[in-house]
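Worksheet for the structure shown next.
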């Protein structure tokens, strides 16, 4: 792919995201989502591998169905109420359809089937966009309509997503699929609190973006796609593997790392809302995710490759660690001491 084509697709992604998050009219939000979908498809299929073409096809069909549901939901609401404003979604049927559409856009259970397969068929850089930038417009729509959606339905979907994301990630050997199920589990944490404190959903999303960008960029630097390849990464770049180790633990939500902050605040808010059983369930189910995060961290730093005479290992990478990775890794692991300031802001 030529640099000019990459520039056009990247600009289209930025344009589509900006249109959706800044619009008040449903048709403009739908237009931004469509621009995003059409811009990411060439980036998914740029390798021309059959797996990439399959991933692009699955992504297109799923996102087209979700966009159709969003348009249908807004038209139904406008038919009954005369309102095209995003924040004025009041018709019950429209709210139900929109919940399904946003769940399909994000990859929430039970509309999660496409996301691991698409991420597995995409390059790491495109997988980074799918896990972060492409989720920003649907999260914004969820934030803007959170007061209208059914809290019970969102709670059920959130707990199911946390359970499935942790359970299905246990037996995976492909790192992109592990990160896909990790994303599904984190979306469960974001969804369960959106009806009660939407700002906590955005905080969780922003911190998730920080940690996911660090992990994807570190894996892309070391050219790691499988657990077996991850085992040799320590010999290539020990500082980067150490940062990857800490970021994985932060993504798991272990204190005193940054990833503990949103989970702590969400559990606290759920307890205030008399939802202690739901808080206990998502906390226990997050232990499933902790297992495969520890598995990744173990492979990245502790496990050594077999020392056989015919086994060739790449030695240290001479190029220095990317500055952006260092900054993101620092923010992904060391923001917990400023949590009182963050709590004041939100």
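Think of each number as a place in line: the chain as shown, counted from 1.
Every residue, even glycine, has its Cβ placed from backbone N, Cα and C.
Among the ranges 221-239, 240-258, the one that TrEMBL lists as transmembrane segment is 240-258. The transmembrane segment annotation in TrEMBL falls on one of the ranges 36-55, 96-115, namely 96-115.
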